[in-house]
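Asker: I'd like to ask you about the structure that follows.
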Ligand code: PRP
Ligand code: URA
């Protein structure tokens, strides 16, 4: 069973508080989501392998360490996932970016896929699927399935806020996928919104309603 990690770093928790706040406007919301994504990327990349390299400092040779060249892929689920991908790329600019376009039908709450574009070397990459909200889990489950159908075998899921229902659904459908959250909230409401959550992530990021 994949693990669920909730990042309790004070900076992540502080910024998440203002992301949740209904009085936070679009500009600040977008900046905070970007910053939290960067901080979460710092935590999520702890396992990356290093290799020894020697560089010349102004004083002499230094046996140092550099990333061993593992290929990473970041896959935002459109559209709200876009709000997190740049924040991750600030730390890992060499990562390739795939996109999965998906919206949740407001009546059925089922995800509808409308676009998929992934890097060509899918089999060789470790993917981080990103979306601010893990509500029923339908969107994340289908996005991960889409990646697997195209050959991906190494996938992590990173969201700002998860509901217990969504976490359970991902664990049931993709038991090997680790889930990384900034918060695990209480429940879903009757419209499938996370309580207390932050409202509609896409609308708050892009100023739509
Ligand atoms: C939101 C969110 C997730 C999905 C989560 O997207 O960004 O993708 O809902 O819900 P689920 O876990 O129940 O599937 P939405 O469908 O509102 O589309 P948007 O990103 O285009 O606004
Ligand atoms: N999608 C959102 O944007 N917010 C929620 O709370 C649930 C799904």
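Placement of Cβ uses the backbone N, Cα and C atoms for every residue, glycine included.
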Asker: Considering the 5-phospho-alpha-D-ribose 1-diphosphate binding residues 79, 131, 132, 133, 134, 135, 136, 137, 138, 139, 200 given in TrEMBL, which of 46, 104, 150 is annotated for that site as well?
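Answerer: The candidate from 46, 104, 150 that TrEMBL ties to 5-phospho-alpha-D-ribose 1-diphosphate along with 79, 131, 132, 133, 134, 135, 136, 137, 138, 139, 200 is 104.
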Asker: Find the longest CA to CA distance in the recorded 5-phospho-alpha-D-ribose 1-diphosphate-binding set 79, 104, 131, 132, 133, 134, 135, 136, 137, 138, 139, 200; express it in Å as a whole number.
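Answerer: So the maximum pairwise Cα distance among the 5-phospho-alpha-D-ribose 1-diphosphate binders is 17 Å.
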Asker: In Å, rounded, how far does the Cα of residue 139 (5-phospho-alpha-D-ribose 1-diphosphate binding site) sit from the Cα of residue 201 (uracil binding site)?
Answerer: 14
Asker: List, in sequence order, the same-chain residues at least six positions removed whose CB sits under 8 Å from that of residue 137 (5-phospho-alpha-D-ribose 1-diphosphate binding site)?
Answerer: 163, 165, 166, 167, 168, 169, 170, 173
Asker: Among 194, 199, 200, 201, these being the binding-site residues, pick the one whose CA is nearest to that of residue 79 (5-phospho-alpha-D-ribose 1-diphosphate binding site).
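Answerer: It is 201, whose Cα lies nearest.
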